[in-house]
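Structure record follows, encoded as structure tokens.
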């Protein structure tokens, strides 16, 4: 039998509250034990009016706010010999030492500010940032700016076009090290490792992974954009990637390419003089 179906034995000293008598709309309230009500630093108003007596405070602190104890019924807690012996000043200390089982229901009290949310007028989607809304609005454009050179299908984003073109070229840069199966996207590889091989990724939540720079002509992958530029410049001089590369990077790479050539030329001249 799987361990998830096994029932653990509960410790005898833990008092569990029964939620069957409460309505559904009040089961998510925070449970504050009656015995700990008088230990609050700021007692409710009815406790102050009673002169700070422990009986008045305990009766009003059974539920949050002190006013719901009369409207909602509360399950009687079992009496233990420890509570009978702990009367007077030691009663609260004994109650604090007794473990209390609290509800595992998670709830939030915050509300979203509608002024911060940016809504799409066409489909009703909401976004936190204006730039995300602007990127989303591109999918509603009837005119597709980026066309596939193989089949003519249009896309509004260059990333979507690159992902589609790989289905024609067969380039799959993300390869599984276990079964050598390759994928066009990193997310597909991560999903394959988790579902098929049970390999969990070791990076933290929202942590940026090492980016791969892929040559769309032959499938070469490099750790930096400079490595990709050097590869395309040497093996694919007529590639469109060189035209789309920024002028600053192109000038930088040209300097790196010419410097070794100049050094080789100077060395050859010195050897000829000798």
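Glycine too: its Cβ is placed from the backbone N, Cα and C atoms.
Note that the structure is predicted; figures quoted are calculated from it, not measured.
Per Swiss-Prot, the feature compositional bias 'Basic residues' maps to 1-11. If you look up Swiss-Prot, you'll see 1-88 marked as region 'Disordered'. The compositional bias 'Basic and acidic residues' annotation in Swiss-Prot covers 18-29. Taken from Swiss-Prot, the feature compositional bias 'Low complexity' applies to 50-74. Taken from Swiss-Prot, the feature zinc finger covers 118-140, 146-168, 174-197, 213-236. The feature phosphoserine is assigned by Swiss-Prot to 268.
Counting residues of the zinc finger (174-197) by DSSP class, helix then strand then coil, yields 10 helix, 4 strand, 10 coil.
On the 0 to 100 pLDDT scale, the zinc finger (118-140) averages 87 in this prediction.
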